[in-house]
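See below for the structure under consideration.
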Ligand SMILES: Nc1ncnc2c1ncn2[C@@H]1O[C@H](COP(=O)(O)OP(=O)(O)OP(=O)(O)O)[C@@H](O)[C@H]1O
């Protein structure tokens, strides 16, 4: 009989992952059989209660006194028991015995139970934490009374959210662990099943083999007792026995294989144990964290409670205070109300009076339009009367004003008359670089410190003194000189004719006095400025028109400096209206409104002159330059018209050129100059002596200025003198001329009349100066000397600078 052979195939080494599966209640899942213990000995650690396990390694293991804490670590010894799972083989020759003990089967179960319990506990804790979190979250935020509270609440909320995050993480970790434990449980169950099968098969095989062995022994014994044929049988049996031995060795090999399998399983179990250990550590950490979170949550909760309590207290306090205040206010209001009531009682009679008043006023208002009309009528009448009175007053004032104006004019005129209609002043220019150096350039002019009308000249070593209306030293400014002539300008606005002459030798400062420099203007500019400002001042009552003309007289030929054809000779004629007035047909007249306009006019005149003469400087020294300003005014209220003429004349150099033996054109120029200056002297003499005939027609200059020199016109002669030694002859001549002009006046008051001496002597002295050169006279000042340096003069304005331009005005 061939024993049946059974192959022990446990398959590949099963993984310990998923060894057992744990249900939610910690019980095996339905349908999954929990591996039963192999024998009572294989269950050394009996259950001490549901979900509780006594820990320890057999009897020697330390008693599991602390079961709660032991519950967590119980899995560790339980797993260690799994190592005892072994398959023993008695060895060849011994009764075939397959001994398999699944020593750790029950321990594993216990361990699994413990893990499940632990899991469940952790889950419950998690749930509790969650519930607490929910509760905290659900709690309404306590009213914040202070910044501190709100900050703490924010911190708590932040901490809570952190805790929630950590709990969520732990949850994830726990579920992972659960999954792992479940997988391990499954696999363990599988291994247990296989082990059981193996053990059962092994037992069967042992049983079968021992039976066969017994049979064989019996057969051998019976055969031994038989005859040789029996020996044959024995041999056969022996042969069979060898076969059985072979089967036995096969069985041993299989047993060996099974042992290897078991060893492998043990290894796997060991790994699993390690994994479980690490899982336990992790779980312990998680638990510690959860405990920490719990404590934090508790603390936060406590803080929140405290805060809420303090807030509650605050609220109660505030309510109490508000209540107290409200009570006080209510009391005050009640008192006020009582006061108002008493007031009302007292006001009632007043109200009655007011009502009566109101009714009375209402009645009055009804009659008000009528009253108003009457009042308006009377007021209108009063206003009309007042206006009439004011008008008459105004008329009276206007009349008085005009009378005053006339009076002022008269006074001014009288003042000018008292000063003399023809006045002579002298101005001494300072010593200039052009005078050179040495004895010839020494100063020969001195002044009287006590009398500003006296001038002393040291001529050829002899002092000579002269008395004029005023003498200006070389220190006198342009403004000082202008102040002396200011009154004449005002006269011009009032309708008087005025002539201002600058007389003197070439280079004595005539042009400087008349025109000055742009920085320091002379009489012309200042006079025009004064005119414009005066006119502006009177603009409310008077309408003024100011026109200018510019002309020159050279060699007794009159030319228009502002005309389109300056070379044209102009004639002086009598007005055809029979008024006896003179006029110059063709003389250009420009209306000007400002000093700038005047400057433009000069510029234009200068251009005309430039194109006409090649040597302008010399020419200008030997010609008379006239600026004629006409001021026409209309009194706006009366229509009264006035016309005043201001003649500003820069005369030609007065030096006696003829004496130095000049010939030709130079002699002709000198003769013309002397003739015209002599004629001027004659006219002034005739005017001062109030002769019946005044020889205006003797020169173009006097003829042109006839209406400005006659009648109640005013004339000012500024005699310019050079202070230096070399010019003393000419200075003496000029000063003599000045003194004589002044002395012939038959003026009012104390003025002397020296008409006789003027006409007889001066004229005689004058004439030879033109016609008979005196050998004694020094020609130290060459004609034209100083013409190259004439800054600030009106003639300088006429210096060549370009071709003719269109009229500026
Ligand atoms: N009061 C003064 N202060 C300073 N410088 C003066 C004064 N008077 C004249 N001068 C200077 O003396 C020089 C001659 O003056 P200006 O040209 O006015 O003489 P003039 O008499 O007009 O000569 P002409 O007959 O050639 O025109 C100029 O350089 C001028 O600046």
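Heads up, residue numbers simply count up from 1 along the chain you see.
Including glycine, each Cβ sits where the backbone N, Cα and C put it.
The model shown is predicted, which means the values in this text are computed figures rather than measured ones.
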Which range is it, out of 216-247, 344-375, 376-407, that shows up in TrEMBL as coiled coil? 376-407
Can you tell me whether DSSP puts residue 504 (ATP binding site) in helix, strand or coil? strand
In three-state DSSP terms, the structure that residue 510 (ATP binding site) belongs to: helix
Would you mind sorting out which binding-site residues among 505, 506, 507 put a C-beta under 6 angstroms from ligand 1? 506, 507
Mind looking up the mean pLDDT for the coiled coil (376-407) in the predicted model? 87
When the number of other CB atoms within 10 A of each residue's CB is tallied over all shown chains, which of the binding-site residues 504, 507, 509 has the maximum? 504
